[in-house]
Amino acid sequence: MIQFRLAKADIKHNWQQVGLFILASSLMIAINYIFLNLLANDDVSKSNYGQVIVELLKMGKNFTLIVAVFFMLYANSFLLRQRDHELGLYNMLGMTKNNLRQLLLLEKVFLYIVSSIVGLILGSTFIKLAFIILQNLLNNKQLQEQFSVTQLGQSAIIFGVVFIALYIFDCWRLRKLKPAALWQQAVQAEKEPQAKRLLGIGGLLVLGCGYWIAVKTKPNMAGASHFMLAVILVVIGTYAVFMAGSILLLQYLKQKRSFYYQPRNFIGISGMLYRMKQNAAGLATICILCTTILVTLTASISLVAGQKRLISFWNPYDLMITTKQPLDTATVDQLAQKNQVTLKQQQQLKITSPLYGVFNKNGHFKNGMTADASISLSVLTLKDFNRIQHQKIKLKPNQVLIDNATGQRFAKLNIKNKNYQVKGYVNLKAGNLYHSIFQPVFLVTADAKAAQQIGTSQWLYQSGINLSGSAKHRRQFATQLQQQLKLDNGSFSYRNEIQQLLQGVFGSLLFVGILISFALAIATALIIYYKQSAEGLADQQRFKTMQQVGLSKAESRQAIYSQVLLVFMLPIIGAVINTGFALPALRSVLKIFSLYDGGLLLRVCAMTVAALLIGYLLVYGLTTKVYQQLVNRGN
């Protein structure tokens, strides 16, 4: 069969590009299989807070599948475009549209079979590593890997549908184009694009709005939705700025005669300018993918790194109990003896029921459960404060002490239209009342009357107790005490339970973040590689002509490095800028989890940027060599 022989010859001829497509597709299939295997694993679903872990894994699986589909569509489009010359030749030699469809079908079947086999083998191998990582992140050594033929079949079916979609796209493209024009399309020259100033200005405005929202995002109930709006605006603005701004930049450099008419700059700028209409979208995509990697890893790593501090903040004692009446210590002591548990350090605070609202920059408290509400405000008396802190501080009626987890600093406060002077800042070790998303602020007033003028008339009693005994007995005691007091999880928390919850949620987030970032990195690297391969193939004849009229090998090499470097630096610079403006919004979102350490976020972000930059430079070195080989082929 002639189509079979042609398909075999075409794959062999284009193996460098086809092989990378198979490798990338195989890795996407492997990642999908890992997610499916984890979702089907009983140990995962039945572990502590297993349902939370399962939901996070589902989100990760769906996101990586979307990335895989879009990436494979892009890569397939590139491969087919590089085949235009061959397909046009086959048509001129007598092959019909139906013959071309049969040829493409044979190639797709081959790519699917090889990608599936390699991907499922890789997935079955790396699932062991995935379980080791998940065991450590969740601190659960009882999670065991379970091989499943069902998940292998599901992965094969899912990507079978993807490859069918790729084949349908190929057939649609053949139907849309006249077969005789395929030859001409492969060698058709690009026209210099016109700079769209209106698009550029609009893109800058949209991008600026996205940055402004990100910087102004507050840690309140609307914070997450504001962050998502900022993300959408930044994506739209980035594409618009790259589409218009890159052309304007190259045209500006072209007008700088002293810069433009140097061999290394002339060759690169002139070549990129004529193809920037295609380049701009690719550069913007690379920028967005790099930004997503940076934000995903920065957020997930920061949560895991700040986990211990967060546990200490939420539960400064082993048990944190909030009641409307003073805790019956006799009942607690009796239950502790019954469970062979010793009560160590204890603390009880009498505080007002929290008010929810927000402090503005002048210290004015806006009370109400509004969209911008971000703090819970409770008050205790100076007498209680001096008792638990073993101090002898004195306050005037209009003076307060403040324990402020938000980091805001005020000289004066205005609450319910009354002014108060802030005498100092203290640390009560009071935790986060009800473990809510609101940042806790505690005030210390001169007496109970002043406390109720600020807060509410209802008093709450917050008790903190440290325990000594075996883990089993401590857990039994905590469970029985909560049942006896008839308190929900908001009013009663056990440090070990909180620790297991956060390890489950944050560990799963980091695990999913790593897999998502890996999928995005694969897509980014292959998009860069294919883009540079296309550039190299398009520039072959141009460099050959210039070398024939006197361009030396050294000048050719310098021009290549200059062009590739310019293309490479724009997306990574854009990604770092996007991430920099995302940090304030990211910090506000993390404050919802009571993670207030901005320094930790900056350190994690800096390390993530450094790691991405190293990988980016490795891809730069690889693609530069490939570009140079393609340009010099036949010269």
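Each residue, glycine too, has its Cβ placed from N, Cα and C.
What TrEMBL records for 20-40 (among others) is transmembrane segment.
Per TrEMBL, transmembrane segment is recorded for 60-80 (among others).
Taking H, G and I as helix, E and B as strand and the rest as coil, DSSP gives the domain 'ABC3 transporter permease C-terminal' (63-168) the counts 91 helix, 0 strand, 15 coil. Positions annotated as domain 'ABC3 transporter permease C-terminal' by TrEMBL: 63-168.
Per TrEMBL, transmembrane segment is recorded for 109-132 (among others). Beyond its flanks by at least six residues, the transmembrane segment (109-132) meets 7, 11, 18, 21-23, 25-34, 37-38, 143-145, 147, 152, 155-156, 159-160, 163, 511 of its own chain at Cβ-Cβ distances under 8 Å.
Long-range contacts of the transmembrane segment (152-169) within its own chain (CB-CB distance under 8 A, at least 6 residues past either end) are made by residues 25, 28-29, 32-33, 36, 65, 68-69, 72-73, 76-77, 104-105, 108, 111-112, 115-116, 119-120, 123-124. Sequence annotations record features per position, and here TrEMBL assigns transmembrane segment to 152-169 (among others).
If you look up TrEMBL, you'll see 198-215 (among others) marked as transmembrane segment.
Residues 193-197, 199-200, 202-211, 213-214, 217, 269, 272-273, 276-277, 279-281, 283-284, 287-288, 291, 570, 574, 578, 581-582, 585-586, 588-589 of the same chain, all 6+ positions outside the transmembrane segment (227-250), place their C-beta atoms under 8 angstroms from a C-beta of that stretch. Taken from TrEMBL, the feature transmembrane segment applies to 227-250 (among others).
The transmembrane segment annotation in TrEMBL covers 280-305 (among others).
The transmembrane segment annotation in TrEMBL covers 505-530 (among others). Cβ atoms under 8 Å from those of the transmembrane segment (505-530) belong to residues 17, 20-21, 24, 27-28, 31, 34-35, 49, 52-53, 56-57, 59-60, 63-64, 67-68, 70-71, 74-75, 78, 130, 133-134, 137-139, 282, 285-286, 289-290, 292-293, 296-297, 299-301, 303-304, 307, 568, 615, 619, 622-623, 626 of the same chain, restricted to positions at least 6 beyond its ends.
According to TrEMBL, the transmembrane segment annotation covers 560-581 (among others). Same-chain neighbours of the transmembrane segment (560-581): 210-211, 214-215, 234, 238, 242, 246, 264-265, 267-269, 271-272, 279, 283-284, 286-288, 290-291, 294-295, 298, 528, 531-532, 535, 605, 609, 612-613, 616, 620, 623-624, 627-628, 631, counting only residues six or more beyond its ends whose CB sits under 8 Å from a CB of the stretch.
Annotation comment: TrEMBL describes 601-623 (among others) as transmembrane segment.
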What else in the chain is close to the transmembrane segment (280-305), if you only count residues 6 or more beyond its ends and a Cβ gap under 8 Å?
137, 234-235, 238-239, 241-243, 246-247, 506-507, 509-510, 512-514, 516-517, 520-521, 523-524, 527-528, 531, 567, 570-572, 574-576, 578-579, 582-583, 586, 589-590, 593, 595, 600-601, 604-605, 608-609, 612, 616
